[in-house]
Amino acid sequence: MNYLVVICFALLLMTGVESGRDAYIADNLNCAYTCGSNSYCNTECTKNGAVSGYCQWLGKYGNACWCINLPDKVPIRIPGACRGR
């Protein structure tokens, strides 16, 4: 019985945990993807591993793409200046 617990624990550690988050997708300069349509954002978000995405009109960063369940490896917009503009 103890072996079963140890094996299950080892498998859990080996598989890793992939989490996601809802956020504004950003480029490498901390600039949110600007948008005009939901289809553009959905394409960009899903291309980067999110479940879906839409254009957030007049949001915190203007008209920007909001992604649902975006992987941790994809950069998101963080507070501070957009260094590209």
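Cβ coordinates come from backbone N, Cα and C, glycine included.
Swiss-Prot lists a disulfide bond between CYS55 and one candidate from CYS31, CYS35, CYS82; that candidate is CYS35. Here Swiss-Prot annotates a disulfide bond for CYS45; of CYS31, CYS67, the partner residue is CYS67.
Disulfide connectivity taken from Swiss-Prot links CYS41 to one of CYS8, CYS65, namely CYS65. Look at CYS41 (disulfide bond): DSSP puts it in a helix.
Straight-line distance linking the Cα atoms of CYS67 (disulfide bond) and CYS35 (disulfide bond), rounded to a whole number, equals 12 Å. In the domain 'LCN-type CS-alpha/beta' (21-83), the DSSP tally of helix, strand and coil residues is 10 helix, 27 strand, 26 coil.
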